[in-house]
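Asker: Copied straight from Swiss-Prot:
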{"type": "ACT_SITE", "residues": "His116", "note": "active site, proton acceptor"}
{"type": "BINDING", "residues": "Ser140, Asp174, Met175, Ala176, Lys224, Gly306, Gln307, Asp308", "note": "NAD(+) binding site"}
Amino acid sequence: MKISRETLHQLIENKLCQAGLKREHAATVAEVLVYADARGIHSHGAVRVEYYAERISKGGTNREPEFRLEETGPCSAILHADNAAGQVAAKMGMEHAIKTAQQNGVAVVGISRMGHSGAISYFVQQAARAGLIGISMCQSDPMVVPFGGAEIYYGTNPLAFAAPGEGDEILTFDMATTVQAWGKVLDARSRNMSIPDTWAVDKNGAPTTDPFAVHALLPAAGPKGYGLMMMIDVLSGVLLGLPFGRQVSSMYDDLHAGRNLGQLHVVINPNFFSSSELFRQHLSQTMRELNAITPAPGFNQVYYPGQDQDIKQRQAAVEGIEIVDDIYQYLISDALYNTSYETKNPFAQ
């Protein structure tokens, strides 16, 4: 079924307020979740609300966080987020990074002790809309076997990038460092669909197509994805003095406790390196040239990274956002959550 962006936003916001989140914070979380669903990233959209509601109601997401911004240098800062909702903390951290980069050319802002922040391309697009280049990366709970390994160590540790072209054009790139994000498995479960056997392994280490049998995810491109997730864990965890590797908290164990996750934003002002106008012209030229490339057999069009999601987002603004009926029924119900997510860590060793 399809519903309007405004309706979905209000339903999510109301449910999170029902769980105890203040209206301002609930609106921000809803904004990021609706953004994800509108772009077809259903793994990071409304499917997450029931889990968020349970964690908020049990105190694992701080309803009254005390944010503290520590400016550690002219271009660097740490936002101590007090286990606030991750979307709220990440958006706030990016706002500071944008101001710093506008003045000083570059900014590096770490967000320390936060919750799950959802689709992190939302935050790099904040920078791009301000005419800046945005890069963001964050930790995730352990659910991935390292290349060549049989035990879980790292999370999906996503990485996102966005840069402005001419007008309102934005080039966006957002990826998990696994073949697919855990949320894609959750989405497959909600739709009763199988998954490709290249995404994950079962408890015996064998490839599986059953999303309910997933025990561990696989790194993207083997050793390359493994190296990227290691780098992201270092920059968003070790660098900020936070738990790292398999010490990162599980999304599903003890929903009464804060996640203590880390995220790192890097923002670059093109005007400090060349000309913002020239940069934007060349980026738009890149996008047009990629679209003009002859497609390979089996493809109708070459898209630049993120273009397919841009198209879906524009369509959603007109046609509405696709949502699974079970999720819609939950959102309009009085239930805070139907099935507890606590202690259901599918990656427990």
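In case you wondered, yes, glycine gets a Cβ from its N, Cα and C as well.
On a predicted model such as this, the values are computed, not experimentally measured, just so you know.
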Asker: His116, Lys224: which of these recorded positions has the sparsest Cβ neighbourhood within 10 Å?
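Answerer: Among the recorded positions His116, Lys224, the lowest count of other Cβ atoms within 10 Å belongs to Lys224.
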Asker: Are there residues of the same chain, six or more positions away from Met175 (NAD(+) binding site), whose CB falls under 8 angstroms from its CB, and which are they?
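Answerer: Expected: Pro158, Leu159, Ala160, Ala220.
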Asker: Can you give me the Cα-Cα distance between Ala176 (NAD(+) binding site) and His116 (active site, proton acceptor) in Å, rounded to a whole number?
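Answerer: Just about 14 Å between their Cα atoms.
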Asker: How big is the Cα-to-Cα gap, in Å, between Gly306 (NAD(+) binding site) and His116 (active site, proton acceptor)?
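Answerer: It is 22 Å, counting Cα to Cα.
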Asker: If you measure Asp308 (NAD(+) binding site) to His116 (active site, proton acceptor) at Cα, how many Å is it?
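Answerer: One finds 25 Å between the Cα atoms of these residues.
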Asker: Through the lens of DSSP with three states only, how would you label Gln307 (NAD(+) binding site)?
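Answerer: Helix, per DSSP.
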